[in-house]
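Down below is the structure, laid out as structure tokens.
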Amino acid sequence: MAQTVQNVTLSLTLPITCHICLGKVRQPVICINNHVFCSICIDLWLKNNSQCPACRVPITPENPCKEIIGGTSESEPMLSHTVRKHLRKTRLELLHKEYEDEIDCLQKEVEELKSKNLSLESQIKTILDPLTLVQGNQNEDKHLVTDNPSKINPETVAEWKKKLRTANEIYEKVKDDVDKLKEANKKLKLENGGLVRENLRLKAEVDNRSPQKFGRFAVAALQSKVEQYERETNRLKKALERSDKYIEELESQVAQLKNSSEEKEAMNSICQTALSADGKGSKGSEEDVVSKNQGDSARKQPGSSTSSSSHLAKPSSSRLCDTSSARQESTSKADLNCSKNKDLYQEQVEVMLDVTDTSMDTYLEREWGNKPSDCVPYKDEELYDLPAPCTPLSLSCLQLSTPENRESSVVQAGGSKKHSNHLRKLVFDDFCDSSNVSNKDSSEDDISRSENEKKSECFSSPKTGFWDCCSTSYAQNLDFESSEGNTIANSVGEISSKLSEKSGLCLSKRLNSIRSFEMNRTRTSSEASMDAAYLDKISELDSMMSESDNSKSPCNNGFKSLDLDGLSKSSQGSEFLEEPDKLEEKTELNLSKGSLTNDQLENGSEWKPTSFFLLSPSDQEMNEDFSLHSSSCPVTNEIKPPSCLFQTEFSQGILLSSSHRLFEDQRFGSSLFKMSSEMHSLHNHLQSPWSTSFVPEKRNKNVNQSTKRKIQSSLSSASPSKATKS
């Protein structure tokens, strides 16, 4: 039966069209996969191919295409009408039975599903609403009771009520517990969130506080410090090496200076023995010249003086050794020319040369501290301790400020002579002449030592005691000394013809040596940079203060005329080289005019101001005050307080000379009194631009009538910055 149903279903569900001709199927044929073809079409296809045209399944005799029985075919008309009727009837009956069976099965399934649905609905109701369930149960019980009143007992009802009560109580308790648990759950959730946040915070704090976080930064900082310390140590090592080299150089220079000093002492002893005879022969002639020219020098100058005092020339052997000998010998020379008792003064000078263990400052305090009446302080006097570079410009100037310099203009205008009652100490603005400066000049002393020893014979005075004590190491600064000798008009004695001829020859040789020495003088780059920085800083203040002083000072008018006199004398240098006889005569005339009287020299207890002018070739005047004091008592052979007041005006060119030259010029000034103005003008003409010329003081009244000056003006006039710029 089932097989017939499948066949019927198959025949009814076959496609109507053929896969090959795409037309209505005639005599349907199927392959293994139930693909329908027309029998004619499939026969034609199988002639060329052995596969199904739809699924490509091989069609072989073992698996041929099958014909469908009962399908629409051309053979149907061959059956009779009755046969076809019975076929249709049987076919419909089969379909009817099949459908009826299927309907019955479906009805059974629906009933089962309904019963299952009802049971599920009842379960849902009991779960969601137990009261309804109880009520439903009661209703059922009632129905049962009503239905079966004889079967229900009151005991069972009471039991069910008790159970119901207990169930309700349990339900209420469980409900309360659930609410409490919900609240506790909420609290726990909040606490959990707080703890999570606290945990995160603690983790972050631990990360921040961990020493490993900043470990690499600390290591880098320590490494940088170590590198910095290494660089510092290397720099200090280099500095120590440089200092060691410098110390070795200084020690070598000290050894050279010791050797040179020993040689100088030997040469001085030789010169002393050689010149003793000439000094005795010229003693009488010097005293005659002194008495002859006493009146002229007294009128032209309010007072005359010599070089620095003997008691000021006692520095220690470790500092200013060359300067000490220079100033001591200058003092001995000046006092020897002005004193009558030569032997007594010569012994005094020997004592001065032996005493070298007392510094200048302590000695000045000892000498001047014993005279409180003379040492009157002045309110305008100040000490300026300027930083001096390690150059020959360290000692810039000497200054002496006394009330007499400011008050004597009124007295001297009326022609009266007022003697000073105020004794002032020397003011050293840049007195930093230490062993460094002496070591720098030691090479210069060694270079010119041989020439200086020859020069001592040319410029020596007839008095032997003076030149015996003079050191020749500073004769190299003749460019400044010769010009100074032209202005200081207090030398005594005459020059013999032999000495004048020797002086002319030695002067020409000395000028050439000095020029070559000045040109070969070099300075290191470090010293030059220090000087440049030092000079540039002071140049501005110096220019402003010098302009204000030059505009106010009445001495400016007298400077130009004196400078013209010095320049006019420079043109006479050629005559000096060609006519040595005329040179001797002019030298004697100049010395006779500038000599001092014995009365003025013996008056050692009084102060007499004397003015000197140093004018630069560029006619730029600057003013600087300082005093050099020296006096000696020929009777008691004791060193007395100074008896002379020097007021010296420095120009720009003088400040370019080394710090030693300032004292060397003072030493050699008295020995060079014998040189004529033509010799100095020629010397200045041949010298380097740094050298200057001295011009005698002819307008002393104009200088003394100047108003009170400030200490700043003296600093500006002696500033090394302007001298360098000039």
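For all residues, glycine too, the Cβ spot is worked out from N, Cα and C.
Record note: among 44-86, 87-129, 345-387, 87-129 is the stretch given as coiled coil by Swiss-Prot.
Swiss-Prot records phosphoserine for one of Ser210, Ser461, namely Ser210. When Ser496, Ser561, Ser632 are compared in Swiss-Prot, the phosphoserine annotation sits on Ser561. Checking Ser688, Ser719 against Swiss-Prot, you find phosphoserine recorded for Ser719. Helix, strand and coil counts from DSSP across the zinc finger (18-56) read 10 helix, 8 strand, 21 coil.
If you take every residue in the zinc finger (18-56) and average the pLDDT, you get 89.
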